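Asks: Dropping the structure in here first, questions after.
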Amino acid sequence: MSGLVLGQRDEPAGHRLSQEEILGSTRLVSQGLESLHSEHQAVLQSLSHTIECLQQGGHEEGLVHEKARQLRRSMENIELGLSEAQVMLALASHLSTVESEKQKLRAQVRRLCQENQWLRDELAGTQQRLQRSEQAVAQLEEEKKHLEFLRQLRQYDEDGHSMEEKEGDASKDSLDDLFPNEEEEDSSNDLSRGQGAAAAQQGGYEIPARLRTLHNLVIQYAAQGRYEVAVPLCKQALEDLERTSGRGHPDVATMLNILALVYRDQNKYKEAAHLLNDALSIRESTLGRDHPAVAATLNNLAVLYGKRGKYKEAEPLCQRALEIREKVLGTDHPDVAKQLNNLALLCQNQGKYEAVERYYQRALAIYERQLGPDNPNVARTKNNLASCYLKQGKYSEAETLYKEILTRAHVQEFGSVDDDHKPIWMHAEEREEMSRSRSRESGTPYAEYGGWYKACRVSSPTVNTTLRNLGALYRRQGKLEAAETLEECALRSRKQGTDPISQTKVAELLGEGDGRKTMQEGPGDSVKFEGGEDASVAVEWSGDGSGTLQRSGSLGKIRDVLRRSSELLVRKLQGTEPRPSSSNMKRAASLNYLNQPNAAPLQTSRGLSASTVDLSSSS
């Protein structure tokens, strides 16, 4: 054994051992030392036995003791060598660990340097965009101050505001309002389209707890319009779910629904429909064909087909969703009524009015039984049914439904219907009768203004829409005075709480005179179901305004001064060139009129204000 140990030292003097060779030699020497230690231990035990025998016989005891001492010293040296070898091995292991940590830290430093450079570039770009935005904001603030002053003059153009809003509603793509996504509905049904996404529900399939935080984050980004963040976040989460849970897991279907919702908000209906088809196949295979989540996915897919104008393809999907919900929830569940509303709207776009009436009437009966007559869904469904009646020319049935909506809203607000508290439509018809029985020269027939003024309180967008639609129906019947009463009430309710000047001027305008206007609404219709409030009626009418709105001479002087100041301001903001008509910022009607060099002079008596006529013609 000693020869083995000594043999390890017979290396050339000029040769340098590597770390691996040193470690190998150290392990080999350690094994040799352990063997030598075992041999010495055995010899020492033998000598101890010999000493015991010699003590009994009394022979050469000293020599044996000397051998034992030598063996003990050798064993101590061997143990020292073993401990040193163990220290060397532990040190080598520690150095290896430190080296690997050092390599990791170097890689992390390189990555952080790259990220720091990227952040510096992003910061520089953001600072440039911020500088441009601040310049634009400063320019817009100057124009805003001027337009705020112009807005105060437009209190005389309230009729023009009403016409502009209705023309805008008629030109709007109705499909954006026709099909609210089922995932946007909550119990109150009062969220707008941007806010509805933030309250997204999964229609019978609750989002798993581990996905809820991610879902809320994605919806928040989508509501802010930050799709460049929401879409990659959804895709990354979808890839992680597919890798960990498999493509056929229900959570993957939930994530596909969320991504489809984001694409839907971006008007990418094809991509959203593709994702919903994948989610539908997953849910059918994992949850069963009759699960409520399958019904929700079918409904959302039908919604997307409807937005693309594929009503025939959407109808069987919606019909199947209705059958599932009737089977799972029962025929009188509110979700069944929502599905009936969707199916009715699809049939309405295909001209199947008998089916539309049947579905709306059944949905209305469910809402009244399950939620009560005061639930907002009841008023919305009645509004949609009335729109269907109007399309078929059933004006008396539509008028009855509109009056029921307004009467119910009045009862909720005032508690009863009596001589002191009448619904707004009763006031409108009374004013119509008074306008026919009295001539305008005999005096102002609106001394009772305060009575119907109190009935104008409207707290629901559905009621506001009903006011406009019933007013349109009155105009078609030639009841111009009643129509204007309802339209003024609807306009007041839209401005209530947002335009204090308009609130204080309603009574003054009615006291000065009753300016009627010629109105014409486009052929398009817009109805919101399952949480929508808009219902623009497809009605055309024309009326000859006999009232006049006198303008004072001081207002003409103000407009002369305003013309000069506005021209200077526009030249200052945009140079010598005039503002193009296609500007993204909507200008005040009065300013548009003043900047036209060939505009006709102001008339002293007309049904519509000059600024409103110009605004309507330019749009």
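Backbone N, Cα and C atoms are what each Cβ position is placed from, and that goes for glycine too.
In case it helps, Swiss-Prot gives these features for our protein:
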- S2: N-acetylserine (MOD_RES)
- 32-150: coiled coil (COILED)
- 55-88: repeat 'TPR 1' (REPEAT)
- 156-175: compositional bias 'Basic and acidic residues' (COMPBIAS)
- 179-188: compositional bias 'Acidic residues' (COMPBIAS)
- 253-286: repeat 'TPR 3' (REPEAT)
- 295-328: repeat 'TPR 4' (REPEAT)
- 337-370: repeat 'TPR 5' (REPEAT)
- 592-608: compositional bias 'Polar residues' (COMPBIAS)
- 609-619: compositional bias 'Low complexity' (COMPBIAS)
- T612: phosphothreonine (MOD_RES)
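Map the listed features onto the structure and describe their local environment.
Replies: Assigned with DSSP, the residues of the repeat 'TPR 5' (337-370) fall into helix, strand and coil as follows: 31 helix, 0 strand, 3 coil.
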Asks: Summarise the model's confidence over the repeat 'TPR 5' (337-370) as a mean pLDDT value.
Replies: 93
Asks: Pull the DSSP breakdown for the repeat 'TPR 4' (295-328) and write it out as helix, strand, coil residue counts.
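Replies: Grouping H, G, I as helix and E, B as strand yields 31 helix, 0 strand, 3 coil.
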